[in-house]
Amino acid sequence: MGMVSEIDRKRKFLLGIGYFVQGLRCFPWMGVNFFLKDGMRVAPATLQILQNSANLPMVAKPLYGILSDCVYVFAEHRIPYIAFGAFLQAISWMAIAIFATSGISFMSITFYLLLGNLGASIVEVANDAMVAETAKQPTTSKNTKSSSSGGGLQSFVWMASSIGGVLGNLVGGIVIDRFAPRMMFLIYGILLSIQFLITALIRESSLALPKSSSLGFRKQLSELSAALKKPDLLYAIIWFSFSYAVIPALTGTMFFYQTQHLKIESSLLGISKVVGQAAMLLWGVVYNHYLKSVSSRKLIIAVQGTMVFFMLSDYLFVKGFYQNLGLPDSLYVIIFSSLLDVLYFFKILPFSVLMAQLCPPGCEGSIMAFVMSAIALAFIVSGYLGVALASYFRVNGDDFSGLPEALLVQAACTLVPIFWASCVPLDRDAKGKSKEN
């Protein structure tokens, strides 16, 4: 009993640090947005293209997952990958901090951001695999319910990431007003260095992780392929990815609209991001305590529908409806825009719990990596569609007259996946209940 709780504490310590630091990625990225906009004078379309192109290393997550599952480094297959990923990120952000003052080129900052996201994707794959395989371990006693089972560990790491996001955005909004973005890059680089040192000192044997079958790379790849032939798993991943890819994202356009047109201060944008991250944290708490018994499909559909509502609200906001009612633009951005920003990610928590149930034993890392890879690719497609949509309506840094129509198209596209939500399978508990009835 005591041994189990001690192992749980060690796992939570390692995963808590990992997800917290990854949640803090919003801190340096806030600096990147302002550095590109004010320091390098890029256009909204260029900013959004870079934001999405920097995520290209995330698409190769299945490769990292297979390597993590079948290639052991010093008899360990999770810790070394987390440490290596943290090391790559530390190098990346330190390099940007050093060269930012000496006129870094657009191509150079793109390279370093790609390197940083390569490290981040490796860390995320190893962490996600640990969560998936730990959540499937049976409890040692019928009377003992481990926090690692039943979605408890997923909720814990979700909250750790959200806390990092809250702190990162809160401090980021303050730091960007008082210091150059270079300081934000430097601080995050130091934190990543600390994460690397802590991770390197932990022995994987102390975490009691299940051993993956010692399969070769080709065998692991064939098992991943076989797992993806299961209809429940494949259809769920396709639908979930489509539900993101079909939405033309207007993040870069809205950033310029808020800062250039509405003149919203960076500190208020930081507060807006904090409200969003606080909502994500609250979502993790509410899910863990009240919604774990609710079908994942129902939760995902509800979130998708809520996104449509908020996008229509953005349309009214840009048309001046709320301003005519006396609601200040800054208050709307802090509350409503912040919630829409994070609603995109609300679906991931119930979906990750569903994926943990569907994952075949032994290839959790590969499957979870494939899922996150598909989501990353969907976000990239979404970003490029958003650039095309803004271009079609001739929205740029100086002219936002076509933004309302673009927002209506965005809302209509978000509604489409709901009609095919039956592709998402029911949870095992829900299936059992339906059979009993």
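Keep in mind that glycine also has a Cβ here, set from the backbone N, Cα and C atoms.
Some features that TrEMBL has for this protein:
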TRANSMEM  12-36  transmembrane segment
TRANSMEM  87-115  transmembrane segment
TRANSMEM  156-176  transmembrane segment
TRANSMEM  183-202  transmembrane segment
TRANSMEM  233-257  transmembrane segment
TRANSMEM  299-318  transmembrane segment
TRANSMEM  330-355  transmembrane segment
TRANSMEM  367-387  transmembrane segment
TRANSMEM  407-426  transmembrane segment
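Counting C-beta pairs under 8 angstroms (sequence separation of 6 or more), the transmembrane segment (156-176) reaches the transmembrane segment (12-36) with 3 or more such pairs. The highest tally of CB pairs under 8 A with the transmembrane segment (407-426), across 12-36, 87-115, 183-202, 299-318, is held by 299-318.
Counting residues 6+ beyond its ends, the transmembrane segment (183-202) has Cβ neighbours under 8 Å at 10, 14, 17-18, 21, 24-25, 27-28, 30-31, 79, 82-83, 86-87, 89-90, 92-94, 96-97, 100, 172, 175-176 in the same chain.
Note on the transmembrane segment (367-387): residues 45, 48-49, 51-53, 55-56, 58-66, 68, 121, 124-125, 128-129, 131-132, 224, 227-228, 233, 237, 240-253, 348, 351-352, 355, 358-360, 410 of its chain, located 6 or more positions outside it, place their CB under 8 angstroms from a CB of the stretch.
Long-range contacts of the transmembrane segment (12-36) within its own chain (CB-CB distance under 8 A, at least 6 residues past either end) are made by residues 42, 46-47, 50-51, 79, 82, 86, 93, 100, 109, 113, 120, 123-124, 127, 130-131, 147, 153, 156-158, 160-165, 167-169, 171-173, 175-176, 181-185, 187-188, 191-192, 195, 198-199, 202, 207, 255, 266, 269-270, 273, 277.
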